[in-house]
Amino acid sequence: MAAPPRHLSNIQILRGIAAVMVLIYHIGNEFGDRGFPGSFPDVGAGSAGVDIFFVISGFIMVHSTAAAFGRPGAPGLFLARRAVRLVPLYWLVTTVFVAVTLIGAGRNGVTAETARWFAASYAFLFYPHGDGGDFPLYAQGWTLNFEMFFYACFTAVLPLRRGVALWALVAGFALLVTSGLVLSLPWPIDRWANTNIVEFILGLALAEAYGRGIRIGAAPALLLALAGFATFALTIGSVDDWLPYRGFVWGPPALAVVAAAALYRPRRAGPLRHAFEALGDASYALYLVHYAYFVALAAVVGRFITVADVPAPLYGAACFFGAIALAFATYRYVERPMTRGLNRAFGLVRRWQALTEGRTARD
């Protein structure tokens, strides 16, 4: 497979950074959940990795389909390609947690309500369940629920001309978010009317700017990135006040960070860049498997010693480096072979290239 252009490899690197941000944030949660004495450094801003992911999603979706708008067969092929990318690994991890839940239930089995929750988890749908929440069984999947919602909406407008499609998408999302803010919408519509959708819209806008040839130098890119990360750090302390408006508060700094990566052209590649690109390749696996790894690590350690009695630096290092190692192994031996095999079996790459051949980004 040909290497991506270096200015787009920046996005791949940023994916890796965003996944590590989420990893560190969840390590902080893990320390609290396991009862470690003292306090873990405040890493709440690491959760902004999700906001960066949403902006990237909007950007890549428009950039990668630039020549597909209005083409017969494009909607189904686009959705198939995205499903092959996201679904197999998530279903695999979800199945592991279903099995663990069933084993834990023992002879009592599971209720019909729990079975419906399992089904909703596989279908990328939110579903209210016993603990008062509506996250999937494997909680990391909540972001993928939104991703699949984005994909479904994007698929619906692909038959249209590019300009019409994007304006229709922006108008529809703006109406949905506004309705969620000013109206009392019924569930599950209110769940989809989340301000995180704003971040997807920002990604669409960035892709348009990129498609029009807008580029920036190293200094502006550095300033944008620093401003974005500084905003995450400075606003995390008041998160409880603005959480319902997350897309408006963390969307702009997430856009700044992604714009710095997308619009800047690096002059040369080196070993460090290649290492970060590899981390970006494994970013989806890292996002999905790190929590499962935490659960397994605590279970194994707990057989010999109370987890909170392990020296905190040692346990933190085991969480961090173990999760990254597992992510690389998962990507190499599970995710990549599954994705390549399914793409090959259904001819998705070849069919997509044939579909878009000869089209330009502005057609």
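Keep in mind that glycine also has a Cβ here, set from the backbone N, Cα and C atoms.
What TrEMBL says about this one:
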| type | residues | note |
| --- | --- | --- |
| DOMAIN | 10-332 | domain 'Acyltransferase 3' |
| TRANSMEM | 12-28 | transmembrane segment |
| TRANSMEM | 48-69 | transmembrane segment |
| TRANSMEM | 89-106 | transmembrane segment |
| TRANSMEM | 137-158 | transmembrane segment |
| TRANSMEM | 165-187 | transmembrane segment |
| TRANSMEM | 193-211 | transmembrane segment |
| TRANSMEM | 218-239 | transmembrane segment |
| TRANSMEM | 245-264 | transmembrane segment |
| TRANSMEM | 284-306 | transmembrane segment |
| TRANSMEM | 312-334 | transmembrane segment |
(message) Does the transmembrane segment (245-264) come close to the transmembrane segment (218-239), meaning at least 3 CB pairs under 8 Å for residues 6 or more apart?
(response) yes
(message) So, taking each listed stretch (12-28, 48-69, 165-187, 245-264) in turn and counting its Cβ pairs to the transmembrane segment (312-334) that are under 8 angstroms, which one gives the highest count?
(response) 12-28
(request) Six or more residues out from either end of the transmembrane segment (245-264), which same-chain residues have a Cβ under 8 Å from its Cβ atoms? (result) 7-8, 10-11, 13-14, 48, 51-52, 54-56, 59, 177, 194-199, 202-203, 205-206, 209-210, 214-218, 220-222, 224-225, 227-232, 235
(request) Could you tell me what the rest of the chain brings near the transmembrane segment (48-69), counting residues at least six beyond its ends with Cβ under 8 Å? (result) 8, 11, 14-15, 17-22, 25, 77-78, 143, 146-147, 150-151, 154, 158, 160-162, 165-166, 196, 199-204, 206-208, 210-211, 232, 246-247, 250-251, 253-255, 257-258, 262, 287, 352, 355-356, 359-363
(request) Let me know the model's mean pLDDT on the domain 'Acyltransferase 3' (10-332). (result) 92
